[in-house]
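Colleague: Following this message is one structure expressed as structure tokens.
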Amino acid sequence: MDHCPRLYLASASPRRRELLTQVGLAHTVLHLPAPPGEDEPQWPGEAAADYVLRTARDKAQRGQIWMREQNLPALPLLAADTTVILDGRVLGKPADRSDAVAMLAALSGTKHEVRTAVVLVHEDRLYEAVSITHVSMRALTAAERERYCDSGEPYGKAGAYGIQGLAGSFISHIDGSYSGVMGLPLFETAELLRRAGIALP
């Protein structure tokens, strides 16, 4: 737990922690019981754009319940969810190696979309924002995809890659938020905090 936390983070993602620390926001991670499965399934007929906001809201709701159950001090609660969207299809976290290889093969040589939804709950009010970034990935050989999976980096990441790691060399161009692709768009997050009356350092 950080000294004098200013908000709760309803996420175990080390990348989101790093990004909050980068902008000087002391926080405490809520270690929420994980829902069944690696990813919340997309509902039949649900648009990919709606999916990412729903899953971020779900995280915020579970965080609120956890805060009440644990009798935690009242602080703002921040939740986020990131997904990769290719041709309208959600690519979440890979279930295993074959899933990761298949995702990388699908993304290879494409321009795809990364959406990160951010939800802030403060004094019973809900604040929301969605970051949309277009990412161009160069064509990857089968050997490159296999080597990348050997590194262990694809697992636990939407779309089976992390832009801040080894996969950074796969990305030829982005149009949007680099921090959003990492998992927490700092500009949008700061705007939510300002709207809620929470001063940044």
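Each Cβ is built from the backbone N, Cα and C atoms, and glycine gets one as well.
Okay, these came from Swiss-Prot:
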type     : residues : note
ACT_SITE : D81      : active site, proton acceptor
SITE     : R15      : site 'Important for substrate specificity'
SITE     : T82      : site 'Important for substrate specificity'
SITE     : Q164     : site 'Important for substrate specificity'
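Map the listed features onto the structure and describe their local environment.
Modeller: Under a cutoff of 8 A between CB atoms, and with a sequence separation of 6+ in the same chain, the neighbours of D81 (active site, proton acceptor) are V52, T55, A56, K59, T116, A117.
Sequence-distant contacts of R15 (site 'Important for substrate specificity'), defined by Cβ-Cβ distance under 8 angstroms and a gap of at least six in the same chain, are G162, Q164, M182, G183, L184. Secondary structure from DSSP puts R15 (site 'Important for substrate specificity') in a helix.
There are 29 other Cβ atoms within 10 Å of the Cβ belonging to T82 (site 'Important for substrate specificity'). Look at T82 (site 'Important for substrate specificity'): DSSP puts it in a strand.
Annotation note: Q164 (site 'Important for substrate specificity') sits in a coil segment as assigned by DSSP.
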Colleague: Let me know how many other Cβ atoms fall within 10 Å of the Cβ of Q164 (site 'Important for substrate specificity').
Modeller: 16
